[in-house]
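**Student:** My questions will all concern the structure given below.
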């Protein structure tokens, strides 16, 4: 399975900050925002990833991330010429995907406290689409998934006025190879975009959409506004200062996934020692702990 990391958009809700820098390059505590979703993909065992950006910001992302080889990854880059919707990512990445399954993650989403590997492995082996559900206070601001007592998906709607469930769909999606043709069949919405919710609805109509609910201990932060960004900073800082854990550390995720050996991790730590980030990486190599983080199991799966 290959990954797509969508880091396009104009960041209009964060202006004037985003006049000068991409939203996904803004710092969230001690690292760029893009590190957090990238680390999630890497922690799932995905090492071939296409980063989709705007044309004006492509060089900045390439300067930050390089080709990924320093982390044992293979990163490629592509441009979304205008805001064409999340689902357009599958058309942009068609050649990169090479007819295989895909994990798509939005570059402004932070997910923590969940082991997604079982779901990713299942998606590698089975046909269909897979989304996640997180209970939120105001689901009307998000895509919302509804399901019955048996766990079957009944509906999925984008920002409904009257939500049919409290479960929002975060920006992490798993699909089989059919997603490219599904996206190609869509018509632009009223705002001129190919909507990810319509992709999910197409899978639902075929009886091929499943959902996994993220339970207690799972954290989802969508950094769409400045207030959201500050909440993300507060959360990352609290975990760092309280538990000594750096969320969204790509180097650590790659090491734990087996993409880097310990000597390579130490080498990455050296030029970062003055910031404290390097000291954290160096400490990992001698902590005597298992490389595999122990996250709570996903609480419910439906299909």
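Placement of Cβ uses the backbone N, Cα and C atoms for every residue, glycine included.
Features from Swiss-Prot:
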BINDING   108, 222  Mg(2+) binding site
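So where do these features actually land, and what's packed around them?
**Tutor:** Cβ contacts within 10 Å of residue 108 (Mg(2+) binding site), excluding its own Cβ and spanning all protein chains shown: 27.
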**Student:** Please report the number of other Cβ atoms within 10 Å of the Cβ of residue 222 (Mg(2+) binding site).
**Tutor:** 20
